[in-house]
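All remarks here apply to the structure that follows.
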């Protein structure tokens, strides 16, 4: 008997263990919800707590059940899936109770979930409602009219359970309301902002299934515009102008904020007028995409205004006063602190000036260096504000921050500071300049590094100088820009300056400096040497033409002369005697003429022509021809009073018409350069018939000689013989004292040709 009870006890124990295992597996498989979608299908979802079960598929079984006993009696449908949800359709009605079973298949067998029981009307999810039309309400400005309908048809007794939720959103502002759906099919949305874009959404719910709303149906629309109800925010930037008595005024503004804008701004209109006169300056109509305008106004007190315009009208004007350049401005507020919050934000705190009633503040900031007026950022604050957080900044970039107090339409003076969100190492070092060197020292100066290249605040400078591989340094404060290095030995030093910030350093270019020559400046000496070389090179270039003229003078071309008759006879030139000798040779009246020549720089040449008596067999006398000299005779002498004379051992024929000779001022020539061969004298009891001509040093007269003989008077022979040329080979003179006459003959004829000096 005891042996029979032992196997039965083991079987019972095994069945208990298996039930525990199955219960644990069933607990790991859980149905979360079932929804009746639009009265047409049932969709159930589940989840698995143990992912190590290696479930390959799921089978969903839905049965109708008794709402009181919860026992299943009619199968609705079955579906298989590998996912976490499954739908069974169609269904005939949602007004039933349902029981759902889930079977999971694993390699070790099947796992059943706990049965899931629900009422159909509590699990209904309706279809989204349809929006037929959305338009402005006819009789209520600022309202929208919504026409809608449900997708399903409900029995009259079911309509009371249907709810409608309406939601409308603009500029991240959402308002919603829930109403009875079938109370009215036309809805109105009021208290909307003019000229604003709205998104209207609707969804429906069976009030008995409070956990299930339908999907949203949405539509966008824009309300009708109105004129802007507020003025734009206006600011200014005053800069000096190139023209005297003028200022460059940059008007800056920000668009009218929502919802006061009441639509879309199309344009702006800005203008300024002077209080002391009728002067007015305007920017005209400015496109809505621009937010600045530049005007050149006078130094007097000015008032500026700005308006914004949309399709419905114009906004109220914004005003700002520009003080005269001589007008004192209210004191600025005191900046308490500037605190970096992170790499993109800085907090500015200030305190109002004492005994001042501010109507507000303006915080303005811009990156350094300042580029253009549009790079200026600014923000209006109310009179109670004492701090502001700047956003959108960049690290290692300096920013110029300032706070300006407002007193009605007038702005006070500002106080500015430089700030960084995060400092960095300088990108360049300072450039060092050597001002002076001595036998044992050097004076150095450097320019500060531009702020935008510092990336931080300078804490100190370090001057590094080295010679023969030995390096020394001197550290100075941040405000020091001049230093004298003393007690240096002779030699060449390599000197540079380093700039230090809180994060890092940067060294500037090094300079080679020679120390040891007392008061000898290398750079001035080099400059002087370069200047001297430049002068040596440039002076010959400048004097090239003058030197060329001196070395190679211009020689006149005789072939281009107006003289057309040339002679091959070689001229013989005599040296002129001195003035005293001339006085002894020439008659008194001729000496006077020569003296006049000496005083007046004339070259006297006395040339007479006459018709010599000759036989009919003798050749006719040749006439005098000169192109550069003209014969001058005393006008008191008649043509018939010709007399005999000799010049250059030749005979001449006096022309019938006498033309006075021309005179030309020439430098006084020396006696060695007179261009005639001999002098002569004549003595006559007649009136002074000895005229003369002036022969230029440039040209000598052309005299054509004639071959003829005549007899000289007795009183002519002694004078003529004193001035005869040394070469008398071609001249024959015969003087007969007894017969009181002299004969002179010329064996050959020659001509005095022009000689161009």
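Note that Cβ sites are derived from N, Cα and C of the backbone, with glycine treated the same way.
Automated prediction, rather than curation, is the source of TrEMBL annotations.
Annotated in TrEMBL:
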- 128-226: domain 'Fibronectin type-III' (DOMAIN)
- 231-329: domain 'Fibronectin type-III' (DOMAIN)
- 332-427: domain 'Fibronectin type-III' (DOMAIN)
- 522-543: transmembrane segment (TRANSMEM)
Query - Rounded mean pLDDT for the residues that make up the domain 'Fibronectin type-III' (128-226) - result: 87
Report summary line: DSSP puts the residues of the domain 'Fibronectin type-III' (332-427) at 3 helix, 49 strand, 44 coil
**Report entry** Outside the transmembrane segment (522-543), six or more residues from its ends: residues with CB under 8 Å to it
**Finding:** 434, 437, 514
Report summary line: DSSP puts the residues of the domain 'Fibronectin type-III' (128-226) at 6 helix, 51 strand, 42 coil
Query raised in the report: Using DSSP, how many residues in the domain 'Fibronectin type-III' (231-329) fall into helix, strand and coil?
Result: 0 helix, 54 strand, 45 coil
